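This report refers to the structure that appears directly beneath it.
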């Protein structure tokens, strides 16, 4: 008998499992009954069960939540539908929505004999005195927006006059009172709150666009790119504003039609492909456009939808080093020339708009004299190799440079620069016929002015840089402003052809400048230019001169001072002041005029007695301090004028009309400025 016991247990167990499986298979999520018919009572009594509802999500009904289309009813945990207060009219139909995380459903209660309230409600006051009337006040009645609600003063029926919009005003606080025939308040006011029940009349909208997200190529699966959230103006406490998100379309659809996923509740967009598929360099297009849909009613088919476009850019990272297109480059340049001699080309698969593509070139060998520089062409990314210091064929006809290329941005850790990131440049210098070079340049000599014509100043020296060509050099004058010089074309000896004058307008700061040419015998010939600076020492070859040469004085002047004379000399010290002023005594009597020294450069001329109105000529002799000194005699014209009643009359004395006092003051002012 014992062997049969396990068999019996197995049979019983299999029956239990079959029954359990059958129960699971028979479970249909939702309301067990979806349609109810109830008779309209005289009044729905507060907390009295109207109907019992049964909802099952087949998962235990965890977090079960009910919503009723009328705010005056609720569903208790046991499924009983009850009124929240005594109410008579609720319309013809009630809807109950049940929802858990696993299922949701809708039940309909048809009220047989119920009337469509059409936006009205009844205020009941059984103790109202006979003959009294109802009066309604508040926002929406006698306050803006006025005239939305009105009350039947006899029955207390409150009705709406136009369509209500919950999204504009969700609740209205009204007040009801009863009055006698004279309008005096008998009872109240009693508050009456009107709650506008939400209808799903607003689509979700995306208000914060444009929506642009970025994700680095090679990012791990599940990397968050961006968040997209929509707004629904309906009641956030209802499913009318409960949104769910999904991706309607992805463009392009390569390499996978599902490159991204959006969290249906949060709106977070994340990557769902492997990092290998997020390779920017292999993608057809690094920009993806997603049509994102938001749907209210928690995503049910009856929900309203709104869409927006999300643009996602696959950003580049520096995972490809630049590589030279060839290992060796050739360039030629003429000696003495500067500028770009060759463009080095590279390839880089990274994004051309980023530092991961832009190249940086460096000369790492072969440039000890810093004769070369290399810069990046910002348009082509090529390396522009330039000569910045002229090369000399006679010193070196060949140069070899080693150049490396890197990116502005560092490479990612698992990538490094290889042999293709360096290249060799071979540069050939071409010989050209260079002009002779004067040494020294400028050439400088010092001589006294007025040396004799034919005096040798110097012999210029120019050499030909083309030492291997053995060319001859001839000399000539290029610029000789005063025409004072001559040069021997063979040996370069420079002598004078005229007197050198330090005071010449061609001489500046005692220095005379001339330019010479040295011309080689090449084909074509090359020319070099040299500068000769001649410093001229001063010789006392200029006599001093006086100023002014005209003066006035009144015939009855009490101050017999006539004029202050100044002297000047074109020569340099010591061939100038101190000057010696004298009256040429052989031509003028001693008892009329007097000259007195003021300082090294000025003297005062005065009268010893008054003179009659006339013109007088006084010879003034001035002598400089040179060795030997030089003297100059100049006539000083003095007008003696009639000065009466503050009027100066010099007509009889000549055409000048300056008073002696004015001349004297001007002379004193000039003296004070020295």
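Just so it is clear, glycine is given a Cβ too, placed from its N, Cα and C backbone atoms.
Here TrEMBL flags 1-22 as signal peptide. The domain 'Cadherin' annotation in TrEMBL covers 114-206, 207-324, 325-438, 439-546, 545-658.
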Self-check item: Stretch-averaged pLDDT - the domain 'Cadherin' (207-324)
Solution: 94
Practice problem: Give the residue counts of the domain 'Cadherin' (207-324) per reduced DSSP state, in the order helix, strand, coil. | Solution: 12 helix, 48 strand, 58 coil
Quiz prompt | Counts by DSSP class (helix H/G/I, strand E/B, coil) across the domain 'Cadherin' (545-658) | solution = 0 helix, 58 strand, 56 coil
Quiz item: Which residue counts does DSSP give the domain 'Cadherin' (325-438) for helix, strand and coil?
Solution: 3 helix, 53 strand, 58 coil
